[in-house]
Every structure is written in C-alpha cells, then in structure tokens.
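What follows is one structure encoded as structure tokens, with my remarks underneath.
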There are 2 protein chains.
Amino acid sequence: MKRQITKDNLLELLLHGTPKDLQDTIDTIHPADILDLIHEDPEHAKAVLNRLPDDILADIVEEEEDEDKYEILKQFSDNRQRNILDEMSSDEITDLIGELEEDEAENILNKMDVDDRDDVKKLLEFEPDSAGGIMTTEYIRIFAKNTVKDTLEFLQKNTDEETTYYLYVVDKNDVLKGVVSLRDIVTSPFDTPMLSITNPNVITIQYDEDQEQVAHKFEKYGFILMPVVDEENHMLGVIEFDDIMDVIQEENTEDIHHLGGVNKEERVDSTLKESFQSRIPWLIVNLFTAVLAAATVSMFETTISKVVALATVMPIVTGMGGNAGTQSLTIVVRGLSLGELTKENAMKILLKELGVGILSGIVIGSVVALGAMWMESNPIFGLVTGIAMFLNMILANLAGYFIPVILEKCHVDPALASGVFVTTVTDVMGFFLFLGLATMVLPFII
Amino acid sequence: MKRQITKDNLLELLLHGTPKDLQDTIDTIHPADILDLIHEDPEHAKAVLNRLPDDILADIVEEEEDEDKYEILKQFSDNRQRNILDEMSSDEITDLIGELEEDEAENILNKMDVDDRDDVKKLLEFEPDSAGGIMTTEYIRIFAKNTVKDTLEFLQKNTDEETTYYLYVVDKNDVLKGVVSLRDIVTSPFDTPMLSITNPNVITIQYDEDQEQVAHKFEKYGFILMPVVDEENHMLGVIEFDDIMDVIQEENTEDIHHLGGVNKEERVDSTLKESFQSRIPWLIVNLFTAVLAAATVSMFETTISKVVALATVMPIVTGMGGNAGTQSLTIVVRGLSLGELTKENAMKILLKELGVGILSGIVIGSVVALGAMWMESNPIFGLVTGIAMFLNMILANLAGYFIPVILEKCHVDPALASGVFVTTVTDVMGFFLFLGLATMVLPFII
C-alpha cells in the first residue's frame, strides 16, 4: 500500500521527498489540500509547484478559483504551460479563459493542441450561465456491440478521460442512444452483452437550458453526470455534479445578495471600491422610496403639528408593515427559486398570505392600538392607530405576494427588486393610512 | 437494447404493459419520474403502485419527501411493506421514522430484519443535523489482498449495495485503512493488485460533524461519497453527494428565511396556521424594536412640535440607515456561511465596511442635506440632516459588521437575529442623532 501522509508531513514530502517518493505518493493527496498548503505558505509555493508533475499541476489549477487560475499557470515556462493545459479539462480551460484579457486568452489558446482548442472555442460560444457554458467535452463514448469484459479492456487502455461514471452509447453521427453506468458494468458478469445493461431512456439536458434549471434536474435525479445534447439529440458534452454544487451556491448567493440589496458579484472580501459600487446604486434607489414616503408625511404636517404624538407612533405603523411585507416576500421569492410556487398552487398561496395578513393585522393591530390608547389616554387615537396598522399588515402581505410574482412574470429576478417595491408600498401606504385617518378624526384626538 | 419510453407512453406502460414488458423496462425509468406521474395523476396512483416490483417501490419511497414517505408505504400489506423496507437504505428508513409517531415507528422497526433494525436504531441515536444523522450504513468493505479481477468478481456476486463508487479497505476491527475508487478499478488491468491502487490517505468525516461542515468538505473535495468514522477511525457509514445537495439547499433556505424573519421550516405551501406561527414571534420581536424607536422620538416631541418638518425628514434618516445596515449584514452573514470571513481577513473587512459607510455617508448625506435645505430653505436644517445621515450610515455599516460576527462567536445563527439588532441600532440612533442635533440648534431652524 502507498505511504500515509498527514497534514504535518505533507509539506516535508512536497519540498524534500525523493523524486520516487513524491511520484509514488502524490496521487494519493487531494489537489485541494495541496492548494490549501500553497495558499497558507506562500513563501514555499514556488518551490512546491516546481516539483509537482504536470497532471497534478493541472488538477491544482482546476481547483483554484477561476480568477486566480492564471496566476498559477503563468509561473511556468511556455512548454510546461502547454503540458499542463493538455491535462486540463475543456470546461476548466474555458473558465480560465473567461477571466483573461483578449491577448492573454489568445496566448493560452495558441498553446493548446488543435482538437482541444476547437473544443474550448466551441464552449466559449455558449452563454456562461447555460448548460453549454458549464459542460465539459471530455466523456466516454462507446458502441454497444461488445461485452462487459471488452468494455473493461477498452477502459483499461483509455485512462485519460476523467468522467468515467457513465459511458454513453452513440451512433456514428454522435446521436445519443443510451447510457451505461459504471456500477452496472462492475456488477455484471464479464460475458454480459453491453446492450442488455444499456438504458435507452437517457435523461438529457439541452445546451441552452439555464444553469438554475440544470441544477434543479441534478437535484431531482441525483445523477453524478448528465449528458448535454442539441435539438437533434447529438451529444455535445457532459455536466458533472461538482460543478452543479458550485452553481447551486452561486444561485443562492445571488438570491441572498439581491434580497439584501447588494450586487450578486460582491464578496465579503471585495475591495472598498467594489463594495461601494455594488451598494450605492441600491441606496440611491431606496432614497427615492424614502423621499416618496417623506412626501406623504409632508402632506399631513398640519395634522402632526396639532397632534405631535402622531410623529412618535407613525414609524411603528410603517416599520411593522415593512417587516411583515419582507417576511411574505422572503417566502414567495424562495418558493419561486425552489420551484415550489406553481400555477397550480398560486391561488391557494395568495389566499394564505391574505389570511396571514389578516391574522397578524389583528394581533399586532390590537397590541399597537392598546399601547397608543394608553400612551395618549385617548381611545380614538388608539383606534386610528390600530386600524391603520391592521390595514397596512394586509397590504404588506399582498404586496409581498404580488410583487415578486409579477416581477417573475416580467422575467426580472424577484429577489432583486421586490424589497424596494414592498417597502415603498408599506411606507407610503402606512403613512397615508395612519395620518389620513388621524386627519379625518382630528377633532377627537387633539 | 431495452425499450424506449417517452413521457407520453409511460403511464400506458405502467397501467397496461404486459408483466414481462414492465419488468424489462421499469429499471430504465428514473423513480423520480414515476413519482411525478403519481403526483400528477392521483386517480391512477394506486393502480400504478400495485403493479410495481418491490425494489422500484423502495426507490419511489426513497424519492418521496420525508413527510410523505409513509403515505405511500402504508398503502401496502404488512408483508409487502416488509419487502419494500428490505430494499430501502438505512438512512432513508431513518428519515421516514423521524417523521412518525412512536407507535407507527415501532411498527416499521418490527417489520425490518434484525440487522437492518439495529442499523436504523443506531442511526436514530445521532443528531439529525450531524454527519451520523445523514449517513447510510450501506457501503462496500473489502480486504486489499486481491487483484482487480477478484474484486470485480466479488462485486458481480454482491450487487445489493447501492453505493459502489468507492470501496473501503478495512482491517478486521473495521478500522478504515484505505479507499479504492471504481474509476481506478475499471481502468486498471485485471491482474493489478488492489493494494497498488488503494489510497491510504482517506479524507474522512467525524460522525458528530455538523452537516454544514460536511457540505463544505464535499464542496471542497468534489467527492461522490465520503466515509464517516469515529474517534478511533472505525468505519461507521458513508454520506452520498446527493444527500449533501439537499443539505446545501436546506442550509441556504435557513439563511434566507432567517434573514427575512421567518422560521426555517416554513414553506411557500405551508398552511395558514404554520405560516402564522412562523411569522408572528418575529413580528412581536420587531415590535419591541419599533416601540424602542418610537420612545426615542417621543423624547423629542417638544422639538417636533416646533419644527414639524423634522417629522417629514426623520424616516429618511432611519430608513436609509436601515438599508445600508442590511446591505452590510447581508454580505457579512453570507461570508460567514461560505467560510470566506476568517480570522485572517476580519480586520481588513471591518475597515472596508467602515470605508463603505464613510463613502456612502458622504454621498447619501450630501444628497439628503441638499434636499432638506431646499425643502425648508434653511441651511442649518440641511446641515443637521446631512450630519445625522452621515453618522447613521457609518453606524449602520459598523453594526452590519459587528452584530453578525458577535452572534457567530456566541454560537447564535447570525442570519437569525442580525436583522433585528441592526435595525434597532439604525432606528434608535438615527432618530436620536437627527432629533438630538435638531434640538441643539433649535433656535436656528424654527
């Protein structure tokens, strides 16, 4: 058995192990752990990288964040770069090139052999967020006329391809005809004809499907690998589950960021400039909302000047409406993302949101009414506060339902803009209802 | 090759196909698609289920949502239930039992054979959100003394186990010694000794690791399967990537829901009662914040009664502070979830947030100051508004950084409570700064 390596003696092996020791052991270490070590110990990084074989370097470049892949690659001579690129998968090279300036990209493409270059050029033409943009062209095609033993012998001779979990049966025009899982191959007797373990009912992905849709399919079926095809069922590539894990996290980050009013690209370790540019546009949009709400208040300045307590209570009415609206839109936006809000249950969910609005309106409205009544020793003041609160809670929940649903219909990301619209409704209507009602009953609350 | 089935003729096959046709074809259809059909066409559900073999029924029960698994199972006779349970994996039975009343759970356990029952009872003892709670006990143990060919022959005779992607080498005490990937088995010549393709540097998961940590490990390493061990490296079970996809979505939903002020369990299709119970506690917590903010305003009622325009402008100061604080906490909470905010970069990120607060404070503060000045034709009024806005933006960003970081240190989910605390700061301090400054310069703004 190969040598056991702990975290403590890994650096020792990488820096000072004999070439034979290194060669024997290196493929038992996950490249992500070597990459960690390089990040944690930058002074030894160059020495470590220089001692690694090309295929491991290719793995490490693939593990690295897209925007930093080139940093590692460009440390090597042109010749070495050629060898590393040769070991990398086409989707990873596409991701790398996607981050580069035009001349650097050209430079990388020129270092690739003709077939690989053609693959990458094709991949670069797909939308980066579509199935074509995340697939790789490395997968195993077979013809189904052989036995299991023949296939095993074929695989033993073709150890290059990484994505061996399923083998795809194609005809001579590359039209996808079936799939065989590696599990079936290893659990079937050697003389089993491949045809009898080939599944013709392949679940495929169209090259132009959005990556979020692709992620839903992986979640539904739990496959490790799914084939990407064109309209005529020609096999174009495969998508691996680990790329889909990244997609899921990316889509979730996008939703969370949009709900919080920041750009999807911002990261906690973005620079001051990036963060400021991510946030200031949303603050300016929100400023319009705030001014609209303030304009509503200013219509009632005469009323407020007569009953100053209105100024004390009014932020409660709008604030609580905003909270209820945010709750409602959070559930609706997440339901849309997960595909759980559908045409079939839309009406039921709308009625439920209305119901929650009425119930919360009764509870919060009553509490607020009693508080306001006690504060001003005036039942009419309490009643006005309670009614405005009750109505604003209902409006909040309706806005929290309708705004994301309508945005989704208009193909705008509901996570992106719902928050601003919902708080506009709850602020403007909250002030208007509360101060309007107060104005109507002014003689009784002065 | 087997028969090709489209979505249109699937129901036809399931209802009216000959037994032989059904038996030949059924394992080419993904159980998730059969489950979809049962959900879409409930009137045929019973007829379809009754015609399916036990192993397919087991797959369908496994595919179904945990809370609905028992609905399918209990349609069958006790004897049939026994056979279906026999085909299910231990982690899926554990999930099923987790949803049942005690007597129903007992009933299910009594229908299992002794070994499986012991496995499930052990799994039920682990925390549901820990590695032990999501692992399964079905995996393949091997001894490494054989060749590749011997191993293939062993696998051909042991086709029961589902999780074949890696084989685990254990000693006679079940201590984990190494791992062999199926890929290496199929690409190595038949006479290769297993020892030479066994990797002793196995990356393992401790049984008590939190599922979020486990998900991070899967994302880092991209494995299909990871082994779960105890403190002495005894092999306890394995976790599969598709269960981790569910964990990732669950954790993301939890963060999104907590940020929006609703319980993690609420779904868009929850009942009115569930939704109300999920939201009203958070509304009541927010009501305290709102009352605290109102109490701050009430301290300044005399000032407001003299300059009513303060009531118009004050919601802008607090509202914009709330927006900036939410932006900042969104980035920090997501950074904590993704593990991107670490001890090493904490100070840099704090300074960046401070910087964003100062810059946004200057921009938004200036705009608001000019607007207020123009509205009241009073430069001092504008100045007071601008300074309060500027200071509140800085406070907002500091609160957006510190509150989630401190909550995380106290082992409270930062997504859960940060929002309330941050808006408390921006509301109370916003009103206090603005009305306090206005009171200090009152003679100049009347």
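Every residue, even glycine, has its Cβ placed from backbone N, Cα and C.
Those TrEMBL annotations? Automatic predictions, nothing curated.
Model, not experiment: these values are computed from the prediction.
Note on the domain 'CBS' (B:135-197): DSSP counts are 20 helix, 18 strand, 25 coil. Per TrEMBL, domain 'CBS' is recorded for B:135-197 (among others).
Among the features that TrEMBL reports, domain 'CBS' is placed at B:198-254 (among others). Helix, strand and coil counts under DSSP for the domain 'CBS' (B:198-254) come to 25 helix, 16 strand, 16 coil.
Long-range neighbours of the transmembrane segment (B:280-300) within the same chain, counting only residues 6 or more positions beyond its ends whose Cβ lies under 8 Å from a Cβ of the stretch, are 261-262, 310, 314, 318, 420, 423-424, 427-428, 431-432, 435-436, 438-439. The annotation transmembrane segment is assigned in TrEMBL to B:280-300 (among others).
Positions annotated as transmembrane segment by TrEMBL: B:312-333 (among others). Packing against the transmembrane segment (B:312-333) from elsewhere in the chain are residues 255, 259, 293, 297, 341, 349, 353, 356-357, 360, 364, 368, 372, 375, 385, 388-389, 392-393, 395-397, 399-401, 403-405, 414-415, 418-419, 422-423, 425-427, 429-431, 433-435: each is 6 or more residues past its ends and has a CB under 8 Å from a CB in it.
The feature transmembrane segment is assigned by TrEMBL to B:354-374 (among others). Proximity of distant same-chain residues to the transmembrane segment (B:354-374), defined by a Cβ-Cβ separation under 8 Å and at least 6 residues beyond the stretch ends, is recorded for 313, 316-317, 320, 324, 328, 381-387, 389-398.
The annotation transmembrane segment is assigned in TrEMBL to B:380-403 (among others). Long-range neighbours of the transmembrane segment (B:380-403) within the same chain, counting only residues 6 or more positions beyond its ends whose Cβ lies under 8 Å from a Cβ of the stretch, are 307, 309, 313, 316-318, 320-322, 324-332, 349-350, 353-354, 356-358, 360-362, 364-366, 368-374, 414, 417-418, 421-422, 425-426, 429-430, 433-434, 437-438, 441, 444-445.
As annotated by TrEMBL, transmembrane segment applies to B:415-445 (among others).
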